[in-house]
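Per Swiss-Prot, ATP binding site is recorded for 196-204, 337-342, ASP423, 435-438, LYS529. Residues or ranges marked as region 'SBD1' by Swiss-Prot on the basis of similarity to another entry: 267-337. The region 'SBD2' feature in Swiss-Prot is assigned to 338-402; the stated evidence is similarity to another entry.
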Amino acid sequence: MEKCFNPETQIYSSHRPPVNFPTDPKLSLTSFLFRSSASYPNRTALIDADSGQTLTFLKLKTQVSKLAHSLVQLNIKKNDVVLIFAPNSIHFPVCFFSIAALGAITTTCNPSYTFTELSNQAKDCNPTLVITVPELWEKARKLNLPAIILPSPSNSKLSSKSEFWFFSDLTRKSDRFSELPISDVRQSDVAALLYSSGTTGKSKGVVLSHKNFITTSLMVTSDQDRYGDPQNICMCFLPMFHIFGLSVIAYSQLRRGNGVVSMGKFELEGALRAVEMYRVTHLFVVPPVMIALAKESVVVRRYDLSSVKEILSGAAPLGKNVMEQCARNVPGAAIIQGYGMTETCGIISIEDSKKGCRFSGSTGMLAPGIESQIMDTKRWNPLPPNQEGEIWLRGPNMMQGYLNNLEATKSTIDEQGWVKTGDIGYFDEEGQLFVVDRLKELIKCYGFQVAPAELEALLLSHPEILDAVVIPFPDEKAGEVPIANVVRSPNSSLSEEDVQRFIEKQVAPFKKLRRVTFVSSVLKSPAGKILRRELIQKVRSKI
């Protein structure tokens, strides 16, 4: 334990060997991505499981370079914001890398968002261009922004007051554009604005730099480098609009020279077919997918999954029985857990798969370069091993702050650079991190964040609702689902279905209320603060 816990400073560090992070200040995540790829130009970089299309590392660099030159011709400049509103495909990372190559900034948005949700994000970050697909055009066109349509002209007619271009046309330029354009990009420049609810409240733009992505990529693949493993083939059905899909899978794996199999939307048999067809070695999943792999034994065993070496789950803790059943269904794979946040560019800790399946509930050791303190939530002093407190973090992968929100930034990052996660956890004597509870009020539904405050605000906008509280409810498939306690006005005849429909029209499907209970009052403290934790305990005691 001496190696990872300093009793004098009360700071935890990683057992893993240190990583040499690049010190050149003039470095973009895109130039770092292709730093080594010249030595394996014909190696497969991206495979689209939906279309069968593939890109070698040479073709990937060529497409990124040509699109970057096209963006310059479309007058996209350093610090301009480009919104990607699209599902996973091999074109998604090409767009991200091209935008970053110019020093422009990518923001991403969940394709299931309503136009209101999309518009709210656009108002906050002020994009100059949107990249989308024909299926989402009816929402995207209402932003009245110039647009790029993925991937190519389709049979559907796209009406718009704004200009738009097709991705396939923009990447069909002359070979003289096959090198990245010269640009003045520094590691400290902003690369992405990914939206997160943080520790509480409405969605906020997390400001992530090129350095954040570069250092994260080295942390994520440090065990592969340490053990000298050859090229991995990684499945990516987790959304690339989310930090895990974009940073931990797409960017980090490609930067290491690993292959990535992209899938637009998760469907169990489709994913298993892709694993079998492309000999996928690494699966990155969230608990609902792990539960499917564990419980759908007949389906899972129908496919040849012998290539799978590792299944990594994040987003929420897994039960031991689920992990053990998954290990029985995919016997060649190490079943491990990891922990990350948007604010940490996706990585905090991860189990070492070479040490076998522990099934302990641990999220593993800290990634190299990250420090942690466990803070007593009453006295706010750091704690030694085996004592629970709020997890605080520091490292080169930590966000710069929240966009246009100095108050939230100051409440999350202290003067010494510690990022307060809002999660409760502890380290054991071996330096393994356990996440046991959340201070923050977020609901994790199918791995997505649902902010109770957002749904409560919508509920209170209804003329017949006087008060409301939204809390998580355990669900075997989703992990948690949002449910609501609602106080109706005296003469209201609102039904549960009325309230559910009212919310459903305004939010993405994963935010829908699964249950509404009418109550006479919402449980609050004398100061008027919702006693959310007590309410959660009360509801769960009745299960």
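The chain as shown is numbered from 1 upward.
A Cβ is built for glycine as well, from the same backbone N, Cα and C atoms used for every other residue.
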Least surrounded among the binding-site residues, given as ASP423, ASP437, when other CB atoms within 10 Å are counted: ASP437
Number of helical, extended and coil residues in the region 'SBD1' (267-337), per DSSP: 34 helix, 12 strand, 25 coil
Entry from the binding-site residues list SER196, GLN337 having the most other CB atoms no farther than 10 A: GLN337
Cβ atoms near GLY340 (ATP binding site) (within 10 Å, other residues, all chains): 24
Stretch-averaged pLDDT - the region 'SBD2' (338-402): 91
